[in-house]
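Asker: Found this in TrEMBL, in case it helps:
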type   : residues : note
REGION : 1-25     : region 'Disordered'
DOMAIN : 40-116   : domain 'Large ribosomal subunit protein uL2 RNA-binding'
DOMAIN : 122-252  : domain 'Large ribosomal subunit protein uL2 C-terminal'
REGION : 223-255  : region 'Disordered'
Amino acid sequence: MAIHLYKTSTPSTRNGAVDSQVKSNPRNNLIYGQHRCGKGRNARGIITAGHRGGGHKRLYRKIDFRRNEKDIYGRIVTIEYDPNRNAYICLIHYGDGEKRYILHPRGAIIGDTIVSGTEVPIKMGNALPLSTDMPLGTAIHNIEITLGKGGQLARAAGAVAKLIAKEGKSATLKLPSGEVRLISKNCSATVGQVGNVGVNQKSLGRAGSKRWLGKRPVVRGVVMNPVDHPHGGGEGRAPIGRKRPTTPWGYPALGRRSRKRNKYSDNLILRRRSKMTRIKRGYIARRRRTKIRLFASSFRGAHSRLTRTITQQKIRALVSAHRDRDRQKRNFRRLWITRLNAGIRESGVSYSYSRLIHDLYKRQLLLNRKILAQIAILNRNCLYMISNEIIK
């Protein structure tokens, strides 16, 4: 949906940018009250998730994540706001009289028809198993992990996964986090991307709007008491007193992996979440925002626009440099492996690429173990000579 920018008439609306108005008139048989007693506490009342509590009362909408209305066409009647998630939801009227809520696919409008089944067209909003004739590269969301349990992956606003390959009983998917993993081909998914893509462009404009969402202020650990945080205590502005920052429970805070060891799904994950994916999403740009703002502060009116432009340029430069470096290494390795194979066939000497790099490094023909341009001056005859001399 479109982003509505407030006029700067009052302090609370000076920087506001919210979604355009979406009606919320849920059906009584598809909602139920939910007592929110957690507030970030566990059963013993101990804080396990900070900065939560309060917020407006909510009615939970029953969302159909299973999409088990097989081969029955349904029509989108309304697009509604759901206070329990960032994505919008759609009310579907099926041909047999059933009424259900589903996640709103991006681009779907009132009056569109959807259907789920094994032999349905590859169309936005349709749900079908991965084992069907779904082409590779298809954008999907609401993906099942366990057959019949309902969609569990790619359900947030703007989330989209990509079907990469199919082999045997499994399909390979690239998830929004950048993780590549295997899913059973019998599991179903919905074609398209989740709607409300511009949710990250919202700016609530005031603290009260954040409190309505149930989010409390974030407090630094260094200003707490020692009983509340390992960083707390001291006289005045004291350092944290540790080698590295820690969580409120004493674990390393920066870079520590939080995934459980020896989890059952470790064998299904082909590639874990990558750092370059987070670069594309702007996490590294946030760390450098202070330096960028210092540079852009002298441009007054163009401050935010210039900041955004410089940030995007830095992200593109980082990604481009990473790709170019990998491409150069790959091409260089392929070139010299071909030359080594040709030399082995002619001279009968067995010699590997990794051994060549190691020996050249020992003879100080390379500055370090990285593939530098200096080795490119070695021609084919010189390579044979070095190989034979080292072997002798």
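Yeah, the Cβs are placed from backbone N, Cα and C, and that goes for glycine too.
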Asker: Over the span of the domain 'Large ribosomal subunit protein uL2 RNA-binding' (40-116), how high is the average pLDDT in this prediction?
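Answerer: That region's mean pLDDT is 92.
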Asker: In the domain 'Large ribosomal subunit protein uL2 C-terminal' (122-252), how many residues does DSSP put in helix, strand and coil?
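Answerer: Going by DSSP assignments, the domain 'Large ribosomal subunit protein uL2 C-terminal' (122-252) contains 14 helix, 37 strand, 80 coil.
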